[in-house]
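Here is what TrEMBL says about this protein:
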BINDING   A:5, A:6, A:7, A:8, A:219, A:220, A:225  ATP binding site
BINDING   A:49, A:120  substrate binding site
DOMAIN    A:389-453  domain 'ACT'
């Protein structure tokens, strides 16, 4: 049995719905279908979810909502008309949206969550209806009915452990089951959405709960590439990578598969296959628990911007038991999480995502560092990027670091920080943000361009 | 005014005393002389301090102490006879040692400290007597009289801030002042020794207290070398390095100048000049606050063994605010200090000196990590060495890391960890301990052998 998830661009219009139906029906094992809201039909289009957020904001701000509401309904109308589905579905959608607005109009967080989720929810109903129209047994299954019970944090739902047992019962149901992605229900009965990557999370949870043989994730690329295709022409396709490799890449800017979405399948060791709805014959990329480590140990290069470093200096710092703990406590006190803490003998740095230091947090943290830690010097270094070279097996390979540093040196990129050794999967370089693309480019060519080998 | 300190080999016998006197008298600015205990006269010889430790242990264990006592007195007799000093000095020394033993026989810690310190103490008296014999005004000044007031921790004295004011009065005294190194007096009036590098600490404290124009530290080498001379033939001499560079090198195995001894002069920015008693014409190495950064930014390569790494893995670790702080708290709870904490996304390592994990500490720490942090995996990796490339200015130089990693790669050394970026002065590589010498060798040749340039 397979769980198949389709992203927004795979369900953007009727033509895409037909491709999805063909893919699902081509393999009897594809029993559970998780769907996103309709995505962009072309580059200038607006995603349904964004239309729904606009609608929510109009309601919250007390503006006239009719225009925003009709834009949402029109997106679904476009699909209903192209597929010649029952027009009654549209009035149901409109009625449903109005009900949500009426229920939650005094609770902006819940209104936003409920409206955001309705893009997936309505699309799942249309998809089930389309299967029925094709003469297939198919059922819309709401997350509630499926057993997707989550924590009650609007916009940041986490699955509750007891959900998995309920989900396992889906295996016994007949027909194709179409489940909307992106949200679950709290125990109180509220709609609560998952964080970024939400529909991928639903698919992963359902695959884990039903112990699927594979979790197929259909998107609009043939494969996950070894590097951002916007930076390198014709980048190498990845055939197979491990969960850990994917996690490191996803963390640092690979937007194909959100890292949190992997967690449920990792535990059950269910392979994930990323495939292209528009080109289903392509092999795709398999994300697995273990792979063979033949050839070059590097699988991908990624980068992420928006970091800063707080650099501390204090003579004989390393003699002070408790210094590092105290520093981390100061950050924790402001709810700030850190990425790395490289330390020398009399120096320690904390690297963190810079958006965290707003609203006076930076000043308060620096003040506490100066007064409580009696440092000689504390400096904030901004506009840093982290560039990551990822691949299992690197750890035991002589010369991997050398190739990277040589490539960066040749490209004239000054390495501000190197982090290697904590992870057996990756090696990380801190560089100035304006050199990040150049760094990625040079590293990609060092590891993947055949002449260099 | 200069403070001049002479190490043990510079004062091992009468011939060395004469060299010291010549050096001091050659420059009227050399007013304060800090002396060590007599060191080895040849490679098979035993240092006076070690003879004194043997004496202390005989007393503590209740053994016959006469043989050990006479060995100590003979070391001083050797000097007295060669310089033809007053024989009465020897009975004074013997009487003094017996007094110490009588006073402290029931307090082993204090007995050990008092006897260890007497090597320097008696040598200072002999040195002052020798200056007098040469017709020079010179005075033995006990640390008590000089104002070296310290904390009351046997073997681990720290200078008290009020000492500096008292020390400044030494400037006003006439003649050459000979002060024994290695110890001070607590407020209770006890003799308390400094930790390792003790006489260097005394010299540095006195230089800071008297605001000397330079602190000259005479030892038995012409210079501090860029690398351990036991590993590389004819290593490059350092003409000038900064305090920060010296500290990083001293920390990782450069035994010429102990790191803690620098602290007092660093605060006052007093230059240190390391020179050779046996070859005072040689320029020596100046340790200064700032230097020009011409040429290659690397000044030295060092290594230190005896490290281990505790490696933790936990999926989505980086989302857990407080994880790092909690880990460091566990270590702190066992009084264990760490060197570095490289962290990946789902991994964190703590590198520490392995001698700290005795007496069940390792088991307790691992147990707490497993239970309190719920990690998926925790492994201890042993027999690691840290290899350090030191030099200010490296930080802003493209290609320094590249030279290092290329050299290690060519030498077949697998880099287990790279730590760069926290310190602007050094770059550190974790390697297997049995590859440390090879690593140092290859790095030295990469940075210092002209053909490579």
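Cβ coordinates come from backbone N, Cα and C, glycine included.
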Reported mean pLDDT - the domain 'ACT' (A:389-453): 85
Secondary-structure category, per DSSP, in which residue A:8 (ATP binding site) falls: helix
A:120, A:220 as binding-site residues, winner by CB count within 10 A: A:120
Integer Å distance between the CA atoms belonging to residue A:5 (ATP binding site) and residue A:120 (substrate binding site): 12
Set of same-chain residues at least 6 away whose C-beta sits under 8 angstroms from residue A:5 (ATP binding site): A:33, A:34, A:35, A:36, A:181, A:199, A:200, A:202, A:203, A:215, A:216, A:217, A:218
Binding-site residues compared (A:6, A:225) - the one with the fewest other Cβ atoms within 10 Å: A:225
Residue pair residue A:8 (ATP binding site), residue A:49 (substrate binding site) - Cα distance, angstrom, rounded: 9
For residue A:49 (substrate binding site), the three-state class that DSSP assigns: helix
DSSP three-state assignment (helix, strand or coil) for residue A:225 (ATP binding site): strand
Residue distribution over DSSP helix, strand and coil in the domain 'ACT' (A:389-453): 33 helix, 13 strand, 19 coil
Chain-internal residues near residue A:7 (ATP binding site), provided their CB is under 8 angstroms and they sit 6+ positions away: A:36, A:39, A:199, A:217, A:218, A:219, A:220, A:277
Rounded distance in angstrom between the Cα atoms of residue A:49 (substrate binding site) and residue A:6 (ATP binding site): 15
Residue A:8 (ATP binding site), number of other Cβ atoms within 10 Å: 23
DSSP three-state assignment (helix, strand or coil) for residue A:120 (substrate binding site): helix
